[in-house]
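Accompanying notes for the structure given below.
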Amino acid sequence: MYRLLAPAKINLFLQIIGNCLDGSGYHELVMVMQAVSLMDRLELIPRRDREIKVHCTNPAVPCDQRNLAYKAAALLQQHFPDRDGVEIFIEKRIPLGAGLAGGSTNAAAVLVGLDLLWQLGLTQGELQTLAAQLGADVPFCLQGGTALALGRGEQLTPLADLQGLTVILGKYRSLSVATPWAYQTYRQEFAATYAQTPSEQEKARQEGGSAILLQAIQQHDIAPLAANLRNDLEKVVLPRYPLVAELKEQFLAAGAIASMMSGSGPTVFALAPSADEGYRIMQRVRRALPDPDLDLWVCECCPHGIQLETS
């Protein structure tokens, strides 16, 4: 039996360059991803048959073949058909449909856990290759920390960690944004601005502002980091979901050094220089927005990906 901790992720930077030139239908992206200390907890127990069973504390999570944790186990079973099944228990703390990679981080945890449980001896590179088959965010969730992600998100470069920086998360429980809708709507509205050739895409990458952010991360310089956050998907999500736009404004009004929507939303994150200030900001936002449907968390930037839970 293995217990694992699976961190959520936020996007500090999300630039849509254009369509991938391989004809896959995906977008070419420049992202800076950050793991945070809001974590799901997974427990993997071996079975004596070939079945994969998933259980979750959140009844809204599908526990069948639609679940990414299930898909991760099934993928490993395809590669290692002599292995038995597994019972997967997910204690869900990361909200659903939130732009926080909750499903992807569960899949990454299953890859790590089954590598140990089944004594597969997979290298980090082999785990990353499997992760990329499951979804664009799964390779990052495996690695965690702070990383530059190119392509669909699978081309990862580790960056200096941002330990000590506090992150406040806010999400309306009843609100979710479908990631495919966000990207498809962006394509419909902004396709005319897409970089069409390799040279155009490289130029867009160079001019998109990520270099300033990367330098700020390297130097742990919070002011230019906060000033150079970017999420292109805000252009389509915020007009459609005014609650998300208002939450971002309230974080800034409460004293956050920066605030932005994460991924395709609807989660909004804010940055604070300390945990004490993070809790003060959370309390101010709670007073300004007393809606019981709004969940708020204070967490830290996390320097790692999937970890074994030590008792």
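Cβ atoms are placed via backbone N, Cα and C, with glycine included.
Copied over from Swiss-Prot, here are the features:
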type     : residues                                                                          : note
ACT_SITE : Lys9                                                                              : active site
BINDING  : Pro95, Leu96, Gly97, Ala98, Gly99, Leu100, Ala101, Gly102, Gly103, Ser104, Thr105 : ATP binding site
ACT_SITE : Asp137                                                                            : active site
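Feature annotations (Swiss-Prot) mapped to structure.
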{"residue": "Lys9", "record": "active site", "Cβ contacts under 8 Å, 6 or more apart": "Met33, Gln34, Ala35, Val36, Leu100, Ala101, Ser104, Thr105, Asp137, Phe140, Cys141, Gly144, Ser262"}
{"residue": "Pro95", "record": "ATP binding site", "Cβ contacts under 8 Å, 6 or more apart": "Gly102, Lys171, Arg173, Thr267, Asp295"}
{"residue": "Gly97", "record": "ATP binding site", "Cβ contacts under 8 Å, 6 or more apart": "Ser176, Val177, Ala178, Pro266"}
{"residue": "Gly99", "record": "ATP binding site", "Cβ contacts under 8 Å, 6 or more apart": "Ile10, Asn11, Val177, Thr179, Met261, Ser262, Gly263, Ser264, Gly265, Pro266, Thr267"}
{"residue": "Gly103", "record": "ATP binding site", "Cβ contacts under 8 Å, 6 or more apart": "Asn67, Leu68, Ala69, Gly135"}
ATP site, defined by Pro95, Leu96, Gly97, Ala98, Gly99, Leu100, Ala101, Gly102, Gly103, Ser104, Thr105: further same-chain residues with Cβ within 8 Å of the Cβ centre: Ala8, Ile94
Three-state secondary structure, Lys9 (active site) (per DSSP): strand
Number of other Cβ atoms within 10 Å of the Cβ of Thr105 (ATP binding site) across all protein chains: 32
